[in-house]
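These notes are about the structure you will find just below.
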Amino acid sequence: MLALLASGLSRSSSNNKLAESENSAQNSNNMSWGTELWDQNENLAIHTNRGIDALDKFANFLRDRVAIETEYAGKLRRLVKNYQPKKKEEEDNEFTSVQAFRNLLKEVGDLAGQREVVSESLQLQIIAGVTLLSKTLREDRKKCLSDGATLQQNLTTQLSSLDRAKRNYEKAYRDSEKAVDSYKRADMDLNLSRAEVERYKNVMTSKIQQSDDAKNEYANQLQKTNNLQQQHYSMLLPSVLNRLQELDEKRTRGFREFIVGAADVESSVAPIIARCMEGIVKAGESINEKEDTFKVIERYQSGFTPPRDIPFEDLSKCDPDSVQESHYSNSTSNHLTIRGTMSANKLKKRVGIFNIFGSNKNSLTADGQKEDFSDLPPNQRRKKLQAKIAELTQNIAQETKARDGLMKMKIVYEANSSLGNPMTVEGQLNESEHKLEKLKVDLKKYQGFLEKASQVPTATSSPQASRNQLQNGHRTSRHSNGSADDHHDDGDDQPDDAGSLSRSDSEDNVAQIQNGHNNNNNGSASPESGLGTSHTSLPGSGQGSANENAIGEDTYYETEVETLNPVGKCRALYPFEASSEGSIPMSEGEELQVIEIDQGDGWTRVRRENNSNGWDEGFVPTSYIECTLYA
């Protein structure tokens, strides 16, 4: 029951408030300045002036905001420009973090554009409207006040006339009364003559007539004043005040519309700004640390193996000269391997003192690298060559399109000479043909570089290198005098078949690997056999010395190959393609001689019977063959 009573009271209270608000709105609609503020002309003039000043103040606020928006957009533009990646940093664009930062800069640039849109919209739509409205209101207010002043002046003039007529009437009335008194005294005075009494009577009559005329004038002016005053306060002045009211309401309404319009301008760009924020978030979420890590590996991976332990060199058991040369060669190899691993892009090759003998000098590119990029590690060299080939291919395609266009133009000119002289196209066509031919030559050259670079195996893929690792750097080489010495090399003394850095710098040696021949010993052994050369030779010791001097630092001795006796035979279970240096191909079911069994590295050294094509000896996977050893 109490709850029902409370709800009823609350409803009645809300209804009363609603009724009061409606009555207030209705009363406000019925009320006007002309009737309610008929005597507040000066205050209304001050109020309307303050209202227009407030509108001008709002316009100044918008101008300052436009200046801030413009300055903010300009600073964002400069910020984006200052942090744009430089040309030397373009190689880092492949990383997701760098790509995300570039997308962030793009979105910030779009944000700057939206701030510029806000600034321009406020300037053209809002500020221009406010300025025009303020100017119109000031002109209308000035006219209203001028009309009101004219009406007030007319009323004041009429009141002055009434006051003057009243004063004249009062004076004439007093004069008439004096004249009457004078006549009465003269009429009662027996000493005065009749003529003098008649004169007093005439003066009295004249003064009475003047009093009556002044009275009539006063009555007339009073009537005119009352009529004018009634018309002034009931019609003329209310009309002026109502015009001021309309003017002030127009200002207030415009104030509201301009504030809403400024907010609409801001809201119109809000969706685009939101999309910019979404783009920034998307750019941040696109960063993949694993992908960047993989790209770092892909960029800087040299393809070399880390240096192995340096073995102890017993000088009492070795030739001092050989040990000294071996140590120098191995130290240099270690140094180049480490530098190639740590800073592949900055690898610089020293030029040896013996580089003058038959060195294969490549021209340098604009960035100081060799034309065939042979001064880079193998992996980086292949990537550089592939990128160069792709660039040349694209240039050839573009130049081909340009040449075809020139040929079509020439055909059109020949068919219709009025369109142009075909001889003017001839020179451009010849130049295009020359440029296209040069590009094709360069493409073929770099394809050859890439083919050679792909055929030079790395140290990790050579079975002979693995065999040397198992032998802990102990290598046997036979010198030209027939004596056999044991050289205790350090871990990085990789033979000619191990894909060292120096081999990648020598085109002659690459060609020898392709042909399977070793010119150091008249074709008696191939590089694939792992027995052909040594890193401890000196220049001038034979053809091999001249070839290896192309490396610029490492030189080789001529060696003689000691023929090994077979320890068994084997049959190929599966076909095998030789994909690395030191290995030989074989077909399924082929019979081969085993000259060195597997020593734990997964490779077996075999010899093909009655075959002298340069691939007679080499390594094959142990799991690909079935061996039968001799007793």
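A Cβ is built for glycine as well, from the same backbone N, Cα and C atoms used for every other residue.
TrEMBL: automatically predicted annotations, no manual curation.
In TrEMBL this protein carries:
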- 1-32: compositional bias 'Low complexity' (COMPBIAS)
- 1-33: region 'Disordered' (REGION)
- 31-292: domain 'F-BAR' (DOMAIN)
- 152-231: coiled coil (COILED)
- 375-452: domain 'REM-1' (DOMAIN)
- 453-549: region 'Disordered' (REGION)
- 455-474: compositional bias 'Polar residues' (COMPBIAS)
- 524-548: compositional bias 'Polar residues' (COMPBIAS)
- 565-630: domain 'SH3' (DOMAIN)
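With DSSP classes pooled into helix, strand and coil, the tally for the domain 'SH3' (565-630) is 3 helix, 29 strand, 34 coil.
Residues belonging to the domain 'SH3' (565-630) score a mean pLDDT of 83 in the model. Under DSSP, residues within the domain 'REM-1' (375-452) fall into helix, strand and coil as 72 helix, 0 strand, 6 coil.
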